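Peer 1: Before we start, here is the structure in question, set down as structure tokens.
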Amino acid sequence: MAQAVEEWYRQMPIITRSYLTAAVVTTVGCTLEIISPYHLYLNPKLVVQHYEIWRLVTNFLYFRKMDLDFLFHMFFLARYCKLLEENSFRGRTADFFYMLLFGATVLTGIVLIGGMIPYISETFARILFLSNSLTFMMVYVWSKHNPFIHMSFLGLFTFTAAYLPWVLLGFSILVGSSTWVDLLGMIAGHVYYFLEDVYPRMTGRRPLKTPSFIKALFADDNVVVAQPPNAGIGAGARFGAIGVDPQAQ
């Protein structure tokens, strides 16, 4: 069993493995009280006035306490991060890293701007960690790249992957969870998808071209990946209590 887990871990692509490792280490460290979540959460005042710049990164690494919900989040993170890195971004590690960096920037910007708008500022002030939103962004981008994959919600009904983010959002509403996390991830994912996939087809220009200094950090081969219209890829488990599995083709 241990050997199988080790092999599974070693076979992960570099970005997925690094992010998953950082998330697990951070959450375990907080659970064991080695570090405190109060030193990790997003606080614009502390970032600007006290130069605690690390909060811009650490708020994406903490997934709350270790419980069943945490395990589902880690499964979701590992699955969709890996699917994107190995398929849509195969041979383009720098582009994938830039996607995550762009998504994190958009999410942070939304929270900062929302915190300055009357009537909704209190809602955004309660958003301390954006790790779940970044994971949801990856789900959204994956669904846009694989819209025709057939999926099943707990065997109750089937749908195509294009509707996966909306199914998960509906489940959050059904169980009474906050939908802000999902909505922020969907917004960031759609902004990225539009600028990277839709806008270039409309204008011939690519505004999100990965900077050369980021490309220099990764040794990639140029690989063109053909995406099949249908593939046996499931959604895994929903945050906390939901299973979404592929429908047999």
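Placed from the backbone N, Cα and C atoms, the Cβ positions cover glycine too.
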Peer 1: With the domain names in Swiss-Prot as our guide, do TYR62 and PHE218 land on the same side of the membrane?
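Peer 2: For TYR62 and PHE218, the topology recorded in Swiss-Prot gives opposite membrane sides.
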Peer 1: With Cβ distances under 8 Å as the criterion, find the stretch in 97-117, 123-143, 153-173 that has the most pairs with the transmembrane segment (22-42).
Peer 2: 123-143
Peer 1: Tell me, what is the mean pLDDT of the topological domain 'Cytoplasmic' (1-21)?
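Peer 2: So the average pLDDT across the topological domain 'Cytoplasmic' (1-21) works out to 88.
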Peer 1: Take the topological domain 'Cytoplasmic' (1-21) and find every residue of the same chain, 6 or more past its ends, with a Cβ under 8 Å from one of its Cβ atoms.
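Peer 2: Distant Cβ neighbours of the topological domain 'Cytoplasmic' (1-21) are 74, 77-78, 81-82, 85-86, 93, 96-97, 100.
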Peer 1: Just to be sure I understand, if DSSP states are collapsed into helix, strand and coil, how many residues of the topological domain 'Cytoplasmic' (118-122) fall in each?
Peer 2: 2 helix, 0 strand, 3 coil
